[in-house]
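Heads up: the structure comes next, in structure tokens.
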């Protein structure tokens with residue numbers, strides 16, 4: 001054995017240093033790691049729009065949906081792609097985030113929809129790039145404020161029945177259209193505000209001269225009349241302020257509010273003037289107090305939506321206005337200093353100091369140019385021209401931002417008012433539908449008023465249509481949907497008074513026990529032939545509808561003691577014929593029952609696979625004339641010829 005080892009050992013050593021191979025065949029390659037995933041292209045289908053990217057691109061962020069294994073739940077084995085039923089426009093920004101690592105906010109997208117998409121993909125909005133983050137935060141804040149206002153208005157409407165006296169009074173002050181008394185008080189205060197402002201202006205107009213003195217203003221010549229007007233206005237303003245203070249939810253916040261301060265400043269000069277004497281030492285202070293009466297004009301902001309929107313605009317543009325003020329201050333100081341030293345050598349110069357040059361700089365930068373101070377030297381004229389041009393640039397920059405904010409806030413308020421009006425109209429229509437009877441439903445069915453998406457705008461025609469269109473229509477349509485979904489059968493409309501015989505197809509019958517006995521009794525009182533209703537037609541083995549309610553003819557029931565209104569409603573009552581589902585190509589569904597019937601269809605009654613079931617419309621309320629005059633249901637007589645029903649009965653609740 002030692003000899004054998006000695007024989008091949010030199011060859012192994014020679015092969016180790018590369019002199020000769022150990023074997024004639026090459027050695028096999030090292031086994032590859034099969035678990036190592038190769039990079040590949042994957043397809044992301046977002047609502048039909050296909051996106052392609054590398055798998056490693058998505059795996060950069062494993063904490064998100066697309067970067068984790070959770071995306072495998074959305075993999076489609078048939079198409080070999082990931083399908084997401086989401087917004088494809090927002091997904092472009094999401095995919096660019098995986099590619100570049102920067103998340104951007106598209107300004108044309110709704111902020112709520114954008115947040116929902118980011119939450120779905122597991123991306124935090126805090127990583128939005130600096131170029132879009134300010135815009136995103138502004139839109140987020142505006143949307144939150146708008147939603148807060150909508151929620152407050154909805155809460156006020158929902159909690160209306162349980163409001164206290166103070167809450168009712170505060171609601172009347174904030175929304176004068178809630179009651180007639182609040183609306184009257186609203187217009188009365190607005191009238192006295194206008195009278196107060198006009199009085200403050202007219203009392204300074206000269207009203208003739210007095211012998212031996214100069215012209216007297218109207219306020220001094222007719223002092224008693226103006227004092228009475230001022231007293232009446234101040235009394236109204238005082239009562240309004242005290243009532244608002246009493247009804248305010250938080251009196252501390254109300255006192256600190258801007259409008260409360262304006263109210264106090266508007267009425268305090270009158271009371272201070274009553275206690276002040278005509279001493280010359282205090283006459284200057286009295287004149288100063290009378291100047292504050294002009295602030296009463298700001299009380300119009302409660303009566304003007306445009307003024308309130310302007311205030312909101314200035315508040316939202318506080319940063320832009322601060323930038324404008326800071327820029328103007330810097331420019332005024334710089335150009336005032338330059339103009340002072342440029343005009344210092346001129347003997348007739350009016351630029352005596354830098355603060356005196358402020359006036360020229362302000363007037364020049366605002367492009368007013370009164371001409372009371374003008375430069376005399378060439379250097380002063382050059383710097384004055386530069387000051388005028390720079391003022392145009394500095395002032396013009398923030399103006400488009402302020403205008404755009406005003407337009408945006410104005411349109412938001414307009415849309416909010418429109419939504420509140422539409423919601424109020426829908427609630428009123430539902431309230432009318434709840435108090436309506438079955439005749440209103442049948443009347444709307446007969447006239448084809450089935451447009452539930454109608455929005456009321458205040459016209460008399462639309463108001464009448466809103467009253468006749470009730471909620472029962474949508475409930476009836478939904479019930480028929482559920483019946484077809486449960487049984488797999490098609491439903492056809494027919495007249496119950498022309499055919500009340502029952503036959504079984506698949507042991508299904510839908511019947512309302514509330515009116516079954518009375519319908520049987522009424523059908524036994526008639527002597528109609530036992531033929532099928534002419535409201536059914538057959539075409540190629542399929543059954544379609546031909547609603548007989550479209551005809552205007554009224555059929556009077558013989559030997560019936562029921563009122564005429566009840567007979568008409570019973571003639572308009574519908575039954576539902578059920579056809580077996582052996583034929584898979586049925587073209588009639590429950591959704592067509594609430595549509596207008598095709599008047600061009602020819603009635604044909606040669607079908608045998610029909611069974612009759614009755615679904616009754618709710619009986620009129622006891623408060624209606626029909627409910628009062630309708631007799632109680634009687635048991636069927638002995639002559640009632642109705643075959644026994646051996647099928648299962650499915651009881652349908654009354655709509």
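Note: Cβ is positioned from N, Cα and C throughout, glycine not excepted.
Listed in Swiss-Prot for this protein:
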- 529-548: compositional bias 'Low complexity' (COMPBIAS)
- 459: phosphothreonine (MOD_RES)
- 6-21: region 'Interaction with KCNIP1' (REGION)
- 70-78: region 'Interaction with KCNIP1' (REGION)
- 367-372: motif 'Selectivity filter' (MOTIF)
- 1-182: topological domain 'Cytoplasmic' (TOPO_DOM)
- 205-223: topological domain 'Extracellular' (TOPO_DOM)
- 247-253: topological domain 'Cytoplasmic' (TOPO_DOM)
- 278-283: topological domain 'Extracellular' (TOPO_DOM)
- 307-318: topological domain 'Cytoplasmic' (TOPO_DOM)
- 344-352: topological domain 'Extracellular' (TOPO_DOM)
- 401-655: topological domain 'Cytoplasmic' (TOPO_DOM)
- 183-204: transmembrane segment (TRANSMEM)
- 224-246: transmembrane segment (TRANSMEM)
- 254-277: transmembrane segment (TRANSMEM)
- 284-306: transmembrane segment (TRANSMEM)
- 319-343: transmembrane segment (TRANSMEM)
- 378-400: transmembrane segment (TRANSMEM)
Positions whose Cβ lies under 8 angstroms from the transmembrane segment (319-343), at least six residues beyond its ends: 349, 351, 353-358, 360-362, 364-365, 375-377, 379-380, 383-384, 386-387, 390-391, 394-395, 397-398, 401-402
Distant-in-sequence neighbours of the topological domain 'Extracellular' (344-352), which means Cβ under 8 A and at least six residues beyond its ends: 360, 372-373, 375-377, 380
Counts by DSSP class (helix H/G/I, strand E/B, coil) across the topological domain 'Extracellular' (344-352): 0 helix, 0 strand, 9 coil
